[in-house]
Every structure is written in structure tokens, then in C-alpha cells.
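Chemist: Per TrEMBL, the features are:
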ACT_SITE  His298  active site, proton acceptor
BINDING   Tyr45, Tyr149, Arg184, His298, Arg301  glyoxylate binding site
BINDING   98-100, Ser127, Gln147, Thr175, Lys274, Ser296, 328-332, 351-352  FMN binding site
DOMAIN    19-402  domain 'FMN hydroxy acid dehydrogenase'
Amino acid sequence: MTVNTDVLKGSVARPALPARYAGLLCLDDFQAAARRHLPSQVYSYVADAAETSSSHHANRSAFSSYEFVPRVMVDITQRNTGVTLFGRRWDAPFGIAPMGLLALSAYRGDLALASAAAQENIPMVVSGSSLIRLEDVAQANPASWFQAYLPGNDDGIMALLERVRAAGYGTLVITADTAVAANRENNVRAGFTIPVRPSVGLAWQGLTHPRWLFGTFLRTFLQHGMPHFENSYATRGAPILSANVERSLSDRGHLNWRHLRMIREYWNGPIVMKGVLDARDARIAVDAGVNGLILSNHGGRQLDGAVAPLRVLPDVVAACPEVPVMLDSGVRRGSDVLKALALGARFVFVGRPFSFAAAVAGEAGALHGIDLLKQEVSRNMALMGINSLGELDAHCLRAVAR
Ligand code: GLV
């Protein structure tokens, strides 16, 4: 028995969600399912945050520090969840945030998410630390955006950008919050490191999670060989077991605004800077020609204690009114999406939940997750008495009195 059978969208047949997942009713439900499905080390890589996880928790509590003030007796039957960004219309005000190593938790995870995003007409951002070639993701979903972890030198940056452009990407996302590798001590405690180090604990976890072992790990090795970091440079990066991996992912200490200006001269399409939190940086970025911003503390995975993006959102919107200000980190509900938009965000991105959705049920899981969030957005718009997302503003919210 399956749920969601015979569902067709456009000409693409949607894979059915296995019946055992019928109980997944919200994005957080995917996390619990993924925790059972994944080896604890791999789960930790996705789920855990840096040091004390205080930014990770702050991301959630920022959303609960606002309440809605809904309007009533409004005909909401014509409501529309669409948003236009950089001249393209999307069906929902959220997209899939870039996530590294997706293919370790979900078989060819980036491709599953890219295909789901295409069918649902939401943007998918391909990670610079993905294990799937950016060219393959572009083929699965030509509307994907590419997120670069810039190499540490000018030639390396330009060579990577040439590759990204040749693959057909239009929108370039530059992540700015990874000057050095973060302190992922919680991953180390759980036995997950980059490079991945084979251990008795990892072997045991593999054996006790056979669906992951056969469906993701062995299937990947047998069909595609050892996973490599594919998208950090113009050429293939190191295999995930290589001792050199850590260095190749963290050599960004001297990147500065000059590099952004150099990229601006080269890149014709929209450039989005991700990882900005200070309104002064946002202003510098926009003055240097950036077309959009994604406020982010990297899901609490970089600087522990960094402010939740939602808290700085109004300041950044005020400082940079001419560009779309977007946000990620902690978005789990349609109500979160609407709160961010009411505070001035044009769009939001959601990471971990889609990684968990693809881990437990591949493309069908991702489609289900996207559908759930779309339904929450649409239902909550109705309950707030609004027909278009442009109606959201600060009047829709009250800060919770503490
Ligand atoms: C990669 O971007 C990570 O946060 O692990």
C-alpha cells in the first residue's frame, strides 16, 4: 500500500511515498525518522551544531518570540503562495538551502532534492561541498542555484566560476561565514569526522542500519565508487576518506571584499551573499554589486553564539531596501516562513529537514516535505486573512512580552 499514488505534476510522474511514512505530518517528523534510519555518526553530521548549540536553539526561539495578529472575514479563496525572485516566479516562498555531503545520508541526495525542487517549482541551492558533480545536478534541475565555498586564491576562484558558468548556473551564492573550519566537537563526540575515518563504531552503526547500509552506502560505492568532494574547485576534490580533505575545505582565511568585487566583474547573473548577519556587511555587499542576501548563522554550525538571522532581519532590510533579503537557519514551519516575511524577508531557505526527508524516502520524501511546508504556508495565509505574501508586514506580528 502506498500514499500519494498516481499523482502527476506536469509530465513528471511523482514517486509514491512508501506507506510507512504516512505518519510524517510535519518537517520535524522527518528528523525523528532519519534518526532511526541513519548511523548515529551520519545523523550527527546533519543534525548537530557547533559547540554548545546555542545559535541552533536561538534560531528556533527567535521564531517563537513573535505571535501573529490575524485578520478575519477576508475572502481568501484566491490566495497565492508564489514569489518572484530575480525575474523568476517560484510557487512558494521557500527553497532548499545548500547542504554538504548530502549523498552520505541519502542515495545521490542532491539529485533527489534537485528533482523534487524542479517538480515543486522551488529553488534548490547546490552545495560547494557536495559529493555529486554540480554538472549532474544542473542536468537534473537547470534552475538550481550554485553555492560556492570560494577557493583561497584568485586563480582558483575564477577557474571554479568558469566551471559553474559552463554548467549553466545563473544564480551564484557565495557563502561568507566559513573563514575557518568550525568547532564541530559534537560530530567528533559522535564519531563523525571529515575526513571520514572508518572505525568499529561506524561499522557497527552500518550493520545495525541495513536500509542505509545497502540503500545508500553500498549502493553508492558499487555504482559510483568512492565519494569525492566534487564542487569545491574547478577540478574534482579529495575523496571523503582522504587526509587532505580538511585542509581543502577550510583554506579561506584571507578572503575579503576585493574577491567579491572580482567575482562581480566576471559573473553576469545574480550574486547572492549568504552568511551575512551585520547590516554594515550587508550594505558593503550590496554596494559591491550583490543582488540578494541570505542572512544565516549556517544553522548554528559555524560561530556558536552568533545571533539568529530573524533578529537582525529588520535592520538589514532597512539598510538594504533595494535587494531581496532572504534568510535561513531554524525555519521548520509555514508559520516561521510567514513570520520571516512579515519582518521583511522576501524568501527563506530550509536545510536539515530536507536532508532528513531525502535520507528516509529519497525524492518521494523530499516531495512530501515540500508539499507539507507549502500546505502550512497556504493554510496559515488563510488563517491570517491574506491572499498574497506581499500583504505581510510588521502589523501582522507582535513581539512576545518577556
Ligand atoms: C557544510 O556546509 C556544513 O555546514 O557542514
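Glycine is treated like the rest: Cβ placed from N, Cα and C.
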Chemist: To which of the binding-site residues Pro98, Gly100 does the lowest count of other Cβ atoms within 10 Å belong?
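Modeler: Result for the binding-site residues Pro98, Gly100: minimum number of other Cβ atoms within 10 Å at Gly100.
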Chemist: Using CB under 6 Å from any atom of ligand 1, narrow the binding-site residues Tyr45, Gly100, Arg301, Asp328, Gly330 to the ones that qualify.
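Modeler: Checked binding-site residues vs ligand 1; flagged Gly100, Arg301.
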Chemist: In this predicted model, what is the average pLDDT of the domain 'FMN hydroxy acid dehydrogenase' (19-402)?
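Modeler: For the domain 'FMN hydroxy acid dehydrogenase' (19-402), the model's average pLDDT rounds to 96.
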Chemist: Which Cβ among the binding-site residues (Arg184, Arg301, Arg352) has the fewest C-beta neighbours inside 10 Å?
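Modeler: Each of the binding-site residues Arg184, Arg301, Arg352 was scored by Cβ atoms within 10 Å; lowest is Arg184.
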Chemist: Sort the recorded positions Tyr45, Tyr149, Arg184, His298, Arg301 by C-alpha distance from Asp328 (FMN binding site) and give me just the closest.
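Modeler: Checked the recorded positions Tyr45, Tyr149, Arg184, His298, Arg301; minimum Cα distance to Asp328 (FMN binding site) goes to His298.
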Chemist: Under 8 Å between C-beta atoms and at least six apart in sequence, can you list the same-chain neighbours of Gln147 (FMN binding site), or say none if there are none?
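Modeler: Residues satisfying the criterion: Pro98, Val125, Val126, Ser127, Gly128, Val173, Ile174, Thr175, Lys274.
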Chemist: Write down the Cα-Cα distance for His298 (active site, proton acceptor) and Arg352 (FMN binding site), rounded and given in Å.
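Modeler: For Arg352 (FMN binding site) versus His298 (active site, proton acceptor), the Cα atoms are 11 Å apart.
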Chemist: Whole-number answer please: how many Å between the C-alpha atoms of Arg301 (glyoxylate binding site) and Gly330 (FMN binding site)?
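Modeler: So the Cα of Gly330 (FMN binding site) lies 12 Å away from that of Arg301 (glyoxylate binding site).
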Chemist: Where does the residue listed as 'active site, proton acceptor' sit in the DSSP three-state scheme?
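Modeler: Once the DSSP labels are grouped into three classes, the residue listed as 'active site, proton acceptor' ends up as helix.
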Chemist: Indicate the candidate from Lys274, His298, Arg332 with the smallest number of other Cβ atoms within 10 Å of its Cβ, considering only these recorded positions.
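Modeler: With the recorded positions Lys274, His298, Arg332, fewest surrounding Cβ atoms within 10 Å: Arg332.
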Chemist: Distance between Arg184 (glyoxylate binding site) and the residue listed as 'active site, proton acceptor' at the Cα atoms, whole Å?
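Modeler: Cα to Cα, Arg184 (glyoxylate binding site) and the residue listed as 'active site, proton acceptor' are separated by 12 Å.
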Chemist: Between Arg332 (FMN binding site) and Tyr149 (glyoxylate binding site), how many Å separate their Cα atoms?
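Modeler: Rounded to the nearest whole number, the Cα-Cα distance is 25 Å.
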Chemist: Restricting to the record's glyoxylate-binding residues (Tyr45, Tyr149, Arg184, His298, Arg301), give me the longest CA-CA distance in Å as a whole number.
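Modeler: So the binding residues stretch over 18 Å, Cα to Cα.
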Chemist: Starting from the Cβ of Tyr149 (glyoxylate binding site), draw a 10 Å sphere and report how many other Cβ atoms land inside it.
Modeler: 24
Chemist: Looking at the recorded positions listed here (Gly100, His298, Gly330), whose Cα lies nearest to that of Tyr149 (glyoxylate binding site)?
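Modeler: It is Gly100, whose Cα lies nearest.
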